[in-house]
Protein chains: 2
Amino acid sequence: MSVKFSRYLPVLDWGRRYDREALSNDMIAAVIVTIMLIPQSLAYALLAGLPPEAGIYASIVPILLYAVFGTSRALAVGPVAVVSLMTAAAIGNIAETGTMGYALAALTLAFLSGAMLLVMGVFKLGFLANFLSHPVIAGFITASGILIAASQVKHILGVRSEGHTLIEVVETLIAHLGETNAITLVIGVSATAFLFWVRKGLKPRLRALGLGPKMADVLTKAGPVAAVFVTTLATWALGLSERGVSVVGEVPQSLPPLTMPSFSPDLLSQLFVPALLISVIGFVESISVAQTLAAKKRQRIDPDQELIGLGAANIGAAFTGGYPVTGGFARSVVNFDAGAETPAAGAFTAVGLAIAAVALTPLVFFLPKATLAATIIVAVLSLVDFSILKKTWTYSKADFFAVAATILLTLGFGVETGVSAGVILSVGLHLYKTSKPHVAEVGLVPGTQHFRNINRHKVETHEALLTLRVDESLYFVNARYLEDLIQDRLASGQKIRNVVLMCSAVNEIDYSALESLEAINTRLKDLGIGLHLSEVKGPVTDKLGKTHFLDQLNGRVFQSQYDAWRSLTGAPRPLPASESAA
Amino acid sequence: MSVKFSRYLPVLDWGRRYDREALSNDMIAAVIVTIMLIPQSLAYALLAGLPPEAGIYASIVPILLYAVFGTSRALAVGPVAVVSLMTAAAIGNIAETGTMGYALAALTLAFLSGAMLLVMGVFKLGFLANFLSHPVIAGFITASGILIAASQVKHILGVRSEGHTLIEVVETLIAHLGETNAITLVIGVSATAFLFWVRKGLKPRLRALGLGPKMADVLTKAGPVAAVFVTTLATWALGLSERGVSVVGEVPQSLPPLTMPSFSPDLLSQLFVPALLISVIGFVESISVAQTLAAKKRQRIDPDQELIGLGAANIGAAFTGGYPVTGGFARSVVNFDAGAETPAAGAFTAVGLAIAAVALTPLVFFLPKATLAATIIVAVLSLVDFSILKKTWTYSKADFFAVAATILLTLGFGVETGVSAGVILSVGLHLYKTSKPHVAEVGLVPGTQHFRNINRHKVETHEALLTLRVDESLYFVNARYLEDLIQDRLASGQKIRNVVLMCSAVNEIDYSALESLEAINTRLKDLGIGLHLSEVKGPVTDKLGKTHFLDQLNGRVFQSQYDAWRSLTGAPRPLPASESAA
């Protein structure tokens, strides 16, 4: 019983060994992460089209629940840029920003996504996330970064703009360009410039001043806090909010409220696909961060348990005024670098944010939205990386095609179309590649027992014997290809009396391929030609053994290709016997 | 130029060598096929919800066009049962049976399907048909056979019934059961019983009477003609059509008319998916028949040219009052068995049917629809074959699951849902299987240079060396699996200093897998563990050579696993050097 119970509660494992040293390390990490998260949470809520406090609420209970159910020691769960954008895209078509319906839809999206993650975790469906290929993810993140940055330009200019595709955003921006507010523009541009400088120029300078690398890192991460502090002070002191500068305004001073998602079947069905995409994208982002950090300390991440941890976090967000969350890259790296040892660091961060929610919210009344937009722009532009296009172009045109299409479709048709098309393309291209497998006609390398491609090597062949090495598992997508190939080859080789299929790289033969082999066998039998197999793998032999195929085979199954050659050409044996075992 | 031209016109190849003997063989085959096709064409038009003459028209021009563009010598193109059912399902939601809109939609469907087939042929996309696995096709055909038979019961009873799923059909049948026409029932049941007897009992009896097997076959195939003749005569002589027996009625006495499909974007977009499914199913059915027959004479079928042939046939159908057609199994086998040598046999059949359309149509006025329904029921029930369930259950549970789902979904939700679900399931299950590849930890078989699974064989291992043989191509769906696996294995094997990946069965490494290998390499490097590859295939090595991966590899690439073992364990070399080349 207890073994099973603890499978779902990793906290029981690390909690038992928790000591004073781990406590102090976790506390320090928590303070640093809390300071970084306050502006970030407000900014991402803005990006998702939600009131700023939703970002803070989404960082409190979810972090606590992940600390109980998650397996990563350093992952920090909360609102992240891409998921915030996807939330805005999903809800934007359903309700108006700022309405109750919008916030309710966000809670429902978090609930649905949490439920999906939990179900995937319990049924161990974590492998589903693998259907997103790395290049597709890279392309999607790059395109999302551009979309997010573009969507924030309106706050820098102080104008209105909307849309879920790059074209829509740019069009509405241009239409409203005349309404630009000069003071907002000054704040926005200086904050952006400052934050870029902090990111690129400050760290080397701090190191030059003799600070340790860790301290320099922490100060660099505090850049947004400084920007928030200075611009808020200026806006308050100079009364800029009365001169057209949009500010965050009143944020309720409270702990996360108890909220209920909607269970309306209509809303649930409208949000089903977006929730699935958010779950998968969120899980993929989170698990890569968690694995990268765990590997550095030779720790283990259990993907299926991660699904449960993230599922619990999202359901927590749904009931406490939040919106969809996942493990964020930036916050997790800060947490790890600051020395977090266990998920307790996350729990302490939650406490810190709860204090902020109660005590500090009045202080952000005069915080300009332009400053928050600047922090988002600087954060997401670091995600934009077109080098994946060049890398995949060199390595594999199919991968290049998938990533280019994902980028273009995400920018042109929005995140949901982009990521769906990416998945479909990756799968389609993979199937296409395996649909025309590499099949080599092989011959004997003289003086050895090895068989190589007749087109690449000087090998011995025999006009009555055709040997084909199939370099792919045989399954329905390529089953007919082999039929065609053999038929073509026989049409041009009228003297062939025996065909050998060398199966050393055939990892599976599915039922369609079995039927194709039966068809090939029957056709060859009708023509008086033998069909033989060689070097068939154990699991494949086991499976074929369950059928009548081997009994009906108009030929033999040889352990090694050399055995087949000797037997079918009557050639003498040049090398000792010990070598021929498959 | 002429080479390129003749690529699209196989007629130029066989036409040049046509002689008197081929002519007489083709003529005989044409007469036999024509007699068989007259009732069949009328019956399938009825099944498609179209006026009877549409079936005849769909058999004339399409056959001629296929004779020019197709590559099969024996394929007979025209209306077939499954495509007729799919046509009814596709159009049933758009227009009422019997209206002009319905006939127009059928023409449009044929045009769209023909255009798709042509495009697929020109761009050599024939491999798309391979996405339908054999078990899914078998399940689909079986379920369609049941649906078709059920849909014809109404004609046997003389009542109304409709619907595209088994439940709908049975429900409406039961609702109208009280309206059963006794005389229609007698005709329908006797015709069905007679045709079953012809199929099962007549042939052995004819053989016993001393007839040759071919003659017995031909007489058996003429059974439907006899049924048509007798029931038509009875209906006319006894005036049964005035007593409630539905008859075919007036069929226009004319050659195929010139018709135009609709180019309304609305209709085209509504018919797009059904046309795609009809094209793929039709192509798959046709190509299997063509290949089976061609193989018997060692002839070649070019799948891409077949697409062009079928595309031309369907476009022909669209402009001459027909509906979607494909190469039919029954008619092609009869054509082949009757001695057809070239597609000219098809052209003669077309002439035969044209004569029938002009001269014989008045004779079918009193033909009862119940008789046509009987011919359909007897024909399609021979397609129903549940043995695929048992065979796949024994061989592969994944295939079983796909076929069972296809059958249930086709019966429960109609042909379009059934076949789409079958494709998605087949692809999904294949990806699932490859997502958790077979990875064996291997050790050296003592006294040899062979490496086998440590769990299956007594082998030598070394505690500082971990060797994994991956039995699958590495691509995005399983890339992360290997990462997880190595991480798990290292967590339990603290003494491991070197990891070797044995790549003898790795046929491809895509960009995602390359990134995973890079991640594994980096993680192992951080831990001071070497990562090595062995027995990498030529094409894979070429691809890796284009990247920096091999330079950054914290280890070496060994030609053979034995080289890796010797080098990494410092073991002496027990066998002669000649053997170690990969």
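From the backbone N, Cα and C atoms, a Cβ is placed for every residue, glycine too.
Note that TrEMBL annotation is computational and uncurated.
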Range annotated as transmembrane segment - as stated in TrEMBL, picked from B:60-78, B:79-97, B:307-325: B:307-325
Secondary structure content, the domain 'STAS' (B:455-568) (per DSSP, counts of residues): 53 helix, 22 strand, 39 coil
Recorded stretches the transmembrane segment (B:135-153) and the transmembrane segment (B:372-389) touching, at least 3 CB pairs under 8 Å: yes
Per Cβ pairs under 8 Å, the stretch of B:173-198, B:271-295, B:307-325, B:345-365, B:372-389 packing most closely against the transmembrane segment (B:401-427): B:271-295
Tertiary contacts of the transmembrane segment (B:271-295) (same chain, 6+ residues out, Cβ under 8 Å): 71-75, 77, 80, 82-83, 86-87, 89-90, 94, 105, 108-109, 112-113, 116-117, 120, 126, 128-129, 131-132, 137, 140, 301, 303, 306-307, 310, 324-329, 332-333, 336, 415-416, 419-420
For the transmembrane segment (B:173-198), sequence-distant contacts whose Cβ falls under 8 Å of one of its Cβ atoms, 6 or more beyond its ends: 150, 153-161, 220, 223-224, 226-227, 231, 234-235, 240, 243-246, 368, 370-371, 373-375, 377-378
